[in-house]
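Structure first, then comments.
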Amino acid sequence: MKVLVLGAGVAGVSSAWYLAEAGHEVTVIDRAKGVAMETSFANAGQLSYGYTTPWAAPGIPTKALKWLFKSHPPLLFRPDGSLYQIEWLWRMLQNCTAAHYQTNKERMVRISEYSREMFRRFEAQTGMNFEERKKGTLQIFRQTKEVEAAEQDIAVLERYGVPYRRLKPEECAEFEPALARVTAKIAGGLHLPADATGDCHLFTENLYKLCQEKGVQFHFNQTISRIDHNGLRIKAVETETGRFEADAVVCALGCFSRTVLAQLDLDLPIYPVKGYSLTLPVTNSDGAPVSTVLDESYKVAITRFDNRIRVGGMAELSGYEIKLPEKRRETLALVVNDLFPEGGDLSQALFWSGLRPMTPDSTPLIGRTRFENLFLNTGHGTLGWTMSLGSAKLTADIVSGKDTEIRSDDLSLSRYQA
């Protein structure tokens, strides 16, 4: 079967890989000049299978109001002039109940744990290098109330058999020795030993090469202008420079999935949530993180690659703009300098921003649409890297008409149309 994948980020390229593995003739198109040039370019680097948590959570509305008055808020709202922004926020608020949180968390953990297994199989098959470190995630809490609030997440971890360990402040240095210098700033910690880190952009570039070896065709600098369909069947996707016919189409366009598929009267509840990152060279390995440290207070992750530190996080609801305000840079610099003051050189840091495709319930959209040959693999929010291989394998199995290895019926767009 000829399958066309829209989007060459980590979701699209991973989908292409598994579709090619299944024997399909695969073509990928993207508006950028290469793979992983947008959301996948400089994300936080976490493969946080255990730390898979919905943004829509009990208490978030109250926290969001308090954050408005902080000098370095983890969440920032800027009106973008659209009614849709308000509608999306309202949908998200409706998911901030304890019942919805548990349902959404379970879906997310299910995908993430499956993705962990897919990474295990993939690495055994390919031996790919993407600066991966399998040394876990350390979530640190600066306040006692944050430690107490984490018990809700721990209950879900136990339900899914995800290994974890509660830590006293001084125990955090067992996993991140450099934190011994700042123990007084920590109220407690949670260690997830099965998590990992890795460079998403490097991974996608290497996977792109493997896909090419399997015969996958890539066409870059292709901006989609029209989707040609006959009733509920997609015939072709037209760009400014070509026409791509296919038996099946997979949409993995991240935040732009909504705008592109709007012409088909498909209402994808995706909003672009802007995030930021700094990438700085390691100057003192003893003073740098070993793996990923997640600062719960600032919602910022500090991740170690081979010779670099990636500091990423925050959430800004401001539409599709990707400006780089100095205030956001200051927040990232503050957090890494506060916890790892001797680890890297901030004067050489590269500042970046990207748009995460977030759904109101934080769960991605995977599977069928009302169009018989149009499939989705999008809306992963902050967890596109973590969920990449799991989501892609689910998508490939659904496109191929195979039974999926885990439950997937509650991941499709239909959950918003009931």
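Glycine residues also receive a Cβ, built from the backbone N, Cα and C atoms like all the rest.
What you are looking at is a predicted structure, and each value in this text was computed from that prediction instead of being measured.
Over in Swiss-Prot, the protein carries these features:
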| type | residues | note |
| --- | --- | --- |
| BINDING | 3-17 | FAD binding site |
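All features noted in Swiss-Prot, drawn onto the structure.
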{"residue": "Val3", "record": "FAD binding site", "DSSP class": "strand"}
{"residue": "Gly9", "record": "FAD binding site", "DSSP class": "coil"}
{"residue": "Ser15", "record": "FAD binding site", "DSSP class": "helix"}
Which listed residue (Val3, Ala11, Val13) has most other Cβ within 10 Å, given these are binding-site residues: Ala11
Cβ-Cβ neighbours of Gly9 (FAD binding site) (radius 10 Å): 30
Other CB atoms, at most 10 A from the CB of Val5 (FAD binding site): 34
Distant-in-sequence Cβ neighbours of Trp17 (FAD binding site), under 8 Å, six or more positions away: Leu207, Leu210, Cys211, Lys214, Val216, Ala392
C-beta crowding around Ser15 (FAD binding site), within 10 angstroms: 32
Number of Cβ atoms other than its own within 10 Å, given for Gly7 (FAD binding site): 30
